[in-house]
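Down below is the structure, laid out as structure tokens.
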Amino acid sequence: IFEYDLKKIIALSTLSQLGMMMFSISLGLYELAFFHLLTHALFKALLFLCAGILIHGAGNTQDIRSFGGLSLNFPLVTVCMNLANLSLCGVPFLAGFYSKDLIVELACQYSWGIFVLFMMFICLSLTVLYSVRLTYLSFVGPYGGGTSISVCESDYSLVGPVVILSFTSLVSGPILSWLNFPAPVLIFLPVFLKWGALFF
């Protein structure tokens, strides 16, 4: 949460998602852990490619304090990186939602202690916290004084893979869900637990 290095923030968020996978395995939900691994690979690759373009365009600096207001210079990368961040947070109908929400709802359906569920929801809210912080300091916040050039967005060898991965971050969730789980999963939860993941 207090890291300022762009690549370290994205790398440490991978540890958060690996923790989600280990949590799923500890519940005996091996197929869901693999499903989350697949969806996570797509939007995390998108995050790293967008970060590389930002670092290259911002004069090879990785400190997000020197970014600020990059949405004006990098509109396409801003949209794609925010799409990947929202997928990482589990926003409905993006790739991360289909795997992460299923893990959370099945964990709530099983009779685990309130402490385990509380820790799971705290971890979900921390993921949202550092993702929003990264977006604010990089794209929305005040200009940090670093140099930024928008030439990167005219290079199709840089932007092409980002656009392709953005498309996969949109459609891979339901497609992989249909391929991995041919039968639908029925989940019965109280309303406050059903809305818990979305609330946090």
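Positions of Cβ are set from backbone N, Cα and C atoms, glycine also.
As annotated by TrEMBL, domain 'NADH:quinone oxidoreductase/Mrp antiporter transmembrane' applies to 2-121.
The feature domain 'NADH dehydrogenase subunit 5 C-terminal' is assigned by TrEMBL to 130-199. Helix, strand and coil content of the domain 'NADH dehydrogenase subunit 5 C-terminal' (130-199), in residues and according to DSSP, is 48 helix, 0 strand, 22 coil.
Long-range neighbours of the transmembrane segment (9-27) within the same chain, counting only residues 6 or more positions beyond its ends whose Cβ lies under 8 Å from a Cβ of the stretch, are 3, 33, 36-37, 40, 44, 47-48, 51, 64, 88, 100, 103, 106-107, 110, 112, 120, 123, 126-127, 130-131, 134. What TrEMBL lists as transmembrane segment is 9-27 (among others).
Look at TrEMBL and you will find 33-55 (among others) tagged as transmembrane segment. Long-range neighbours of the transmembrane segment (33-55) within the same chain, counting only residues 6 or more positions beyond its ends whose Cβ lies under 8 Å from a Cβ of the stretch, are 6-7, 10, 13-14, 17, 20-22, 24-25, 61-62, 67, 70, 74, 77, 80-81, 83-85, 87-88, 94-96, 98-100, 102-103, 138, 152-153, 158-159, 161-162, 165-166, 168-169, 172-173, 176-177, 180-181.
Sequence annotations record features per position, and here TrEMBL assigns transmembrane segment to 76-98 (among others).
Annotated transmembrane segment per TrEMBL: 110-136 (among others), in sequence order.
According to TrEMBL, the feature transmembrane segment maps to 181-199 (among others).
In terms of DSSP helix, strand and coil, the domain 'NADH:quinone oxidoreductase/Mrp antiporter transmembrane' (2-121) has 90 helix, 2 strand, 28 coil.
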